[in-house]
Every structure is written in structure tokens, then in C-alpha cells.
Amino acid sequence: MKNIFKIIRADLRHIKTNVIALCVIIGLTVIPALYSWFNILSNWDPYGQASTSRIKVAVVSVDKGTSLEGTELNVGDNIIDALKTNNTIGWQFVTSSDEAIEGVYSGQYYAALVVPENFSKNLISFLSDSMEHPQLKYYCNQKANAIAPKITDKAKTAVQQQVNQTFIDTIVSTIAGTGDSVIKDADKETGSLMDAVINRLTSARTTLSTYDVILNSMLAITDLTSSISSSSNSAAPQVYTQLQLQQQQLITLQALVNGNSAESLNELSSALSNQMSQIQSIMSSLTELYSDMNMDVADLSAAIKLTSGSLTQTKELLSDLETKLDNAINTLNTITEQDTYGLLSEMLNADANTLGDFLSAPVNITTEQVYAVKSYGTSASPFYTILALWFGGLILVAIMHTPVHPAPDIPADAKRYEKFFGRYFIFFAVGQLQALLITLGNLLYIGIQCYHPFLYWVACAFSSFVFTFFMYSLTVAFGNIGEALGIVLLVIQVAGSGGTFPIEVLPNAYQIIYRFLLFPYSMDALRECIAGMYRYDYIKNLAFLSIYIVVSLIIGLFLQKPFEKLNHMIERSKEKSGVML
């Protein structure tokens, strides 16, 4: 241990007495911090309105419009009016589609939106026999930038949503307005279409009941008429029979009279002859009347039967209709008592514009932020902070010597592990200065969100210790190859640590090696400090990261000697090349 402290004191003395060395140390301390700050500031709010409003997107409408139920509809003009109040994108309103498209090809605009002339007409074409989907023409220059097309695609989606909202709003407002007029015209007193229907069905039911009473009376009359007809038909033969009997009796009486003396009965015979003539005349009249009556009664009987049948059928139909009206009234009354009808009634009686606004955007999303982070720069800061700390350790091993060369103030009997730990101290110290400066700059200069500043510094300091120790061990064991391995690990971790994109969207190879990298654990520890702690995740991440301390010890202490000859050979080859340090 004594030799370790001697080596540490010797290194500090050399730096203190050498201005160039001191300037280099200062530069090694500051450069990683600058790297972190510049990256965080450049990504502070790239998707905010202040940033995206500078992205130029041309927009033009050549829509000729159309008419819907007497209402003029020009969705293209509505889009232009809406975009004029939208400052999320730098909308450029041009006069022609050719100008907009040419601007995209020339690079003047990142994208262009063109509303064609038949857009409104096609939008309501579903009301006709030939339905055509309306199309917005979107032109995007993907050569100009990798991220700009993603932002302009969001703008395109926003315009599409605006069109859908305008369409639904217009259609629903028109239908609701028409429906409201129908309701008012149908029953101004009740103000309700359903109430008007029920009232009119009830009135029809009452009328049918009246008709039913009338039909019953008519059927009674036909029965009475039929009875009278039958009585007349049976009484006429009886009268005729009685008259025939009287006639026979008179003939007999005349014969008796003729048998007596003519003198005494002459007067009586004359009287009887006259009476017989009258009876004969009455018999003839009755015969004709009886014949006519038989014909009239037969016709009347047939007519009564026909009328009675028709009235009976009519009564049955009216009874059936009356039953159906009763069912309809009961059904409508049941419907009006339900909550659904109340909701429908309120919708129909609602203001047309209000109903259109509601149905065009029926869902409002209530967002509850979990571990809310105020800015994109704060969200990105763990990645750029850890990247800067790794970069700081990398430039340390690239510029500072890891071997301990013999010197008057260096113990000659220092063992290999003493030289290893003694020289590492200067790497550790500079790494801690880097971590402290980065932490202070992030919290005080940039002003990132952080709920646990002290633990934030602890995580940065511990990460710097692990990174510098790991790369120091690689360089001690493998020399220049170790430095190259540090660069390779940097490249892999930048791409596959999930610092900018979720690990789930990366290729499978990165998802496999992700858990073995150092960056994820350091970044997650910083995120716990920035947005809030969840149980013991902070400690777990630092515990996983500490595994690499053991790995570094194994590499630095046990692999140095086996690779010592190889490292010397590489150093001699570099010197012979004349162009490599």
C-alpha cells in the first residue's frame, strides 16, 4: 500500500510542476462536459412548437367546393383557414400547386400539401350512386433530412384529422338541423316528434273505436232488415191462401143460392156475384203483388247478405287494426320511458352545431403523466451524460500513459498490482472531476429536471469510476488493442443501449447484448433521479454496474502478464512505422 501512495504522490507532483500537463488535465476535464452540454442543448425541444414552426411546408387549395342540402361546402378553404391559425409547422401558403411541388423538389420546402379541385365533391360522394374517396396530395422531400419527414408526416396526419373533423361536423350539423326542422313542423305544441306520433296514433285508435260502433249499428240494421224481409216473405202466402179460401166459400154459397128459387134469392145472387167479382179482382191484384214482392224480397235478401258479409269483414279488419294500434302505442310508450329515448331526444333537440362538434371529436383523452419529464432535453440527458463520461474515460487512456516507468520518485520494488492501482488514481481523479463538472452544468447551467440532485451526482461519479476503471484495465492488459476495444464498445453502446430509441425497436442482435452493456444501467440510475424513484431500482442499477468493477480487476490484474509480450511487439511495430504514436 505504501508504494501505491508513493506512485500517486509522484504523479500529482509531475502534473503540478508541468504547466503543459496541467493544461492537458484541465482540457481532459472540460471536453466531456462540453460534449454533454452541447448535445443536451441541441436536443432540448426539437419537437416543440418553437422548433417545428421553422420547418417550411407549402400548402395550397384548388378545391372548387360543392353544395350539401343548400349549404355551400368548401373543405379546402376550411383547411387553409384552420392552418393559418396553426403555428406548429411553418405553413407556407402558395398560390398554385405547381409552385408548391417545385418548392419541394428544389429543397425550398420540406413537404407540400395540395387540396385537389374535386376534394369537397368527392367528400360527400357517398350520398350519390358513385362514391369516390377524396385524396389529399402530399409531397415530401426525404433527401433533405432524416427527421424532418417524420415531423412533416405528423403535420400531414394533423391535416387529415382536421378534414375528418370538418366533414363529420358539417354532415352532422346539416342532418341535425334538418331533423330539428322536421320535429318542429311535426308538432309545434309538443316540440317532440315521438310525442306527436303517439298522440296521432291515439287519435287514430279513438277514430277506429267510433267506426267500430258504427259498424255494429249497421250490422244490427242489416239483421233487422233481413228479419223483416223474411216476415214479409212468409206473410204474403198466408194472405193469399186466406183469400183463396174465401173465394171457395163464396162459390159454394153461390151454388146454394142458385139451387133455391130465383125469385126469392135473385137479389142475394146479384149481391154475391158483385162480391165475387170484387174478390176476383182483389185476387188478381194480390197475385201480381205477391209475384212482385217475391222478386223484391229475393233481391233485398241477396243485397242484405252481401252487405252483411262486407260489414263483417270490415269489422274484423278494424278490430285487427285497432289491436295493432294498441300494440304500437304501448311499444312507443315503453320506448319513451327508456333512458335511450331520452338520450336520443336530447340529441335531436340539441343545437346542430354543438352536436356536430361533439360527434366530430367524441373522445377527449385525459392524460395522466407518470414520472413526468418537462422537456425532451431532460429525457435525453441521461444518454448524453453517460456517453460523455465514457468518452472522457476513453480520451484519458488515449492521452495519458498507463504503464509506470522507472523514475527516481517511483519505488523500484513496486509490485505489478501496486503500479496498477497507483497509476489508476490519476485516471480516477480526472474522471471524478469530469463527473462533477458535467453534473453541475446539467443541473445549474442547462437546468434539467432532477428530483434527487445528490443521488444524481452519485450515479454520475460511480459511472465515471466504473468506466475509467474498465477502460484503464483494458489498456493495461491489451495496450492499443484495449483502446480500440473501448472505441468498439462505445459504438455498440451508442447504437444498442436504448438511449434514444426503445430497445424493442432495435434489431434482435442489440436486444440480446443489451443486458450485458454498461450504458443501460447508468442511464436508468440517472432516470430514477430525474423523474422519480421506483422502489429499489436505483440501487439495483448501480449494483449491476458494479459487476464490471470485478470484471475490470480480473482483466487488469490477471490478463496483463499473458499479453505483455504481445503488447511490446505491437509497440515496436508502431515505432518502426514512423507514423503512429
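Note: Cβ is positioned from N, Cα and C throughout, glycine not excepted.
Bear in mind that TrEMBL entries carry predicted annotations, made automatically and left uncurated.
The stretch that TrEMBL tags with transmembrane segment, taken from the ranges 104-123, 484-503, is 484-503. Cβ atoms under 8 Å from those of the transmembrane segment (383-404) belong to residues 7, 24, 28-29, 31-33, 35-36, 39-40, 43, 410, 414, 419, 422-423, 426-427, 430-431, 434-435, 438, 442, 460, 463-464, 467-468, 470-472, 474-476, 482-483, 486-487, 490, 493-494, 497, 499-500, 518-519, 522-523, 526 of the same chain, restricted to positions at least 6 beyond its ends. Within the model, the coiled coil (311-338) shows a mean pLDDT value of 67, rounded to a whole number. Counting only same-chain residues 6+ beyond the ends of the transmembrane segment (454-472), those with a CB under 8 A from a CB of the stretch are 385-386, 389-390, 392-394, 396-397, 402, 424, 427-428, 430-432, 434-436, 438-439, 442-443, 482-483, 486, 518, 522, 525-526, 528-530, 538, 542, 545-546, 548-549, 551-552, 555-556.
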